[in-house]
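A.B. asks: Here you go, one structure.
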Amino acid sequence: MQRTSVSQTIDQVEKNVTLYGWVNSYRDHGKLVFFDLRDYTGLLQIVVNPQVSQKAFEEAGKLSPEDVVKVSGLVKSRVEKYINPDLPTGKVEVEATEISLINKSTQTPFEIDADGRDVDELLRLKYRYLDLRRPRLNSNIRLRHQIIRHMRGFLDDRGFVEIETPILTKATPEGARDFLVPSRLQPGKFYALPQSPQQYKQLLMVAGFEKYYQIARCFRDEDPRADRCYGEFTQLDMEMSFVDQEELLNLTEALMIEITEKVVGKKVYKKPFPRFTYQEAMEKYGNDKFDIREEKDPDVLGFAWVLDFPLFEKTQTRALAPSHHPFTAPKNEDLGLLESDPLKVRSLQHDLVCNGYEVGGGSIRITDPKLQKKIFEILGHTSEEVQEKFGHLLKAFEYGVPPHGGIAPGIERLMMIFANEENTREVMAFPAISSGQVSVMDAPSKVDAGQLKELHLKTDL
Ligand code: ASP
């Protein structure tokens, strides 16, 4: 199929081309019909003049927005006063000689040629495939692709390997509820979807890969919050062996600076990123997700590090819970306080904040099995529980574990800031909303009795 894309037409003046795409907007001026043709490269004005082709003019009369069409015609330069500076193809237009309707569109439930911010979000998600046609969403998803591509390239160049880890697995604690999947082969047992690949990436360090990353999907059954999506999100999950915290921070910082400046084209407010202890952050900003910028310019990104977090915190339900996760190492100089005053122990956790959001967290890990056991104990786990939940990790640490640490920047949070969006759903193709309802598909949904029986499950509803 000989096809010219919309963006290629700028270099094809006075040539005959054949284009395929959607009718984006349609203007009937009586003697002439104009419409914008949209394809994956952008928008282009098509002029249909009955003097050029009566047949094409008749075909054009049948078109309406979002129809899929084939257009053949001559690329022409526009005269000066008709140049559209807002379109990359604004200096040209195509004079149609032939138009064929490929597939008709019924009327869309909302306008596509607008930013869509005033449309009910449930309606947008129900018709997400149409919502994604709008330029704002389309360019968010494309930017996301560019960023992930760049992350991969940056890490590949530095000797990292991308490794996939299981989705059907055992619970790994990150402080949220697990999603469970019943096992058919072992009735009464459940897989948990990973809250992060934390334990697997540590096992990959035991396995000797030394530098790992993964564009990792994480699943957390957390309570609704307006600025995020429900259920799943993506991290750039990284882990390195034989590193200290300084190296991890520097590597992450270099990556963030490169992406912000080269891919997104925004400014980094302060380089190197300012560092705060948790205590300094609390004193200065009253929280650990602060904004270091004086003016809230969305084109300037104020990254900062928060260090020296307390290892434990008190929560509503637990006397002591990990501030991060139970694999984070305490600072050496605070080890003596572990039993006497655990809330005073500081850790080797590092959080990256940007413009008032936490955009990533990580730590140097515990690699001494005895210390790891002690931390579980302090957290209130019995030794049977420890064995059952984390025995595999402790066992692995008996076989020569390298010192290691890592970090996991959150792709959606970063993207939300990069793309000037107010919530993470705007940078995901098919997000779920806080009630748990997903885009387009009717999920969660009931399953038939036969399927439940096969899984040995009964619901009490
Ligand atoms: N697994 C951690 C998290 O999801 C990140 C890390 O410690 O590397 O926050």
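Backbone N, Cα and C atoms are what each Cβ position is placed from, and that goes for glycine too.
TrEMBL: automatically predicted annotations, no manual curation.
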A.B. asks: Please identify the range among 198-201, 330-333, 366-369 that TrEMBL labels region 'Aspartate'.
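C.D. replies: Range annotated as region 'Aspartate' by TrEMBL: 198-201.
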A.B. asks: Among H29, H324, H456, indicate the single residue that TrEMBL lists for the L-aspartate site containing E174, R220, R365.
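C.D. replies: Matched candidate out of H29, H324, H456, per TrEMBL for L-aspartate with E174, R220, R365: H324.
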A.B. asks: So TrEMBL lists R220, D221, E222, G410, I411, E412, R413 for ATP; which of E164, E358, E454 goes with them?
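C.D. replies: Answer per TrEMBL: E358.
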A.B. asks: Ligand 1 is in the model; which of the recorded positions H29, E174, E412 have a C-beta less than 6 angstroms from one of its atoms?
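C.D. replies: Near the molecule: E174.
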A.B. asks: Using C-alpha atoms, which one of the binding-site residues E174, R220, H324, R365 comes nearest to R413 (ATP binding site)?
C.D. replies: R220
A.B. asks: Just counting, how many other CB atoms are there within 10 A of the CB of R220 (L-aspartate binding site)?
C.D. replies: 19
A.B. asks: Based on the record's binding annotation for L-aspartate (E174, R220, H324, R365), what whole-number value in Å is the widest Cα to Cα distance?
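C.D. replies: Between the outermost Cα atoms of E174, R220, H324, R365, the distance is 22 Å.
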A.B. asks: Are there any residues at least 6 positions away along the chain from G410 (ATP binding site) with a Cβ closer than 8 Å to its Cβ? List them or say none.
C.D. replies: F233, T234, Q235, E358, V359, G360
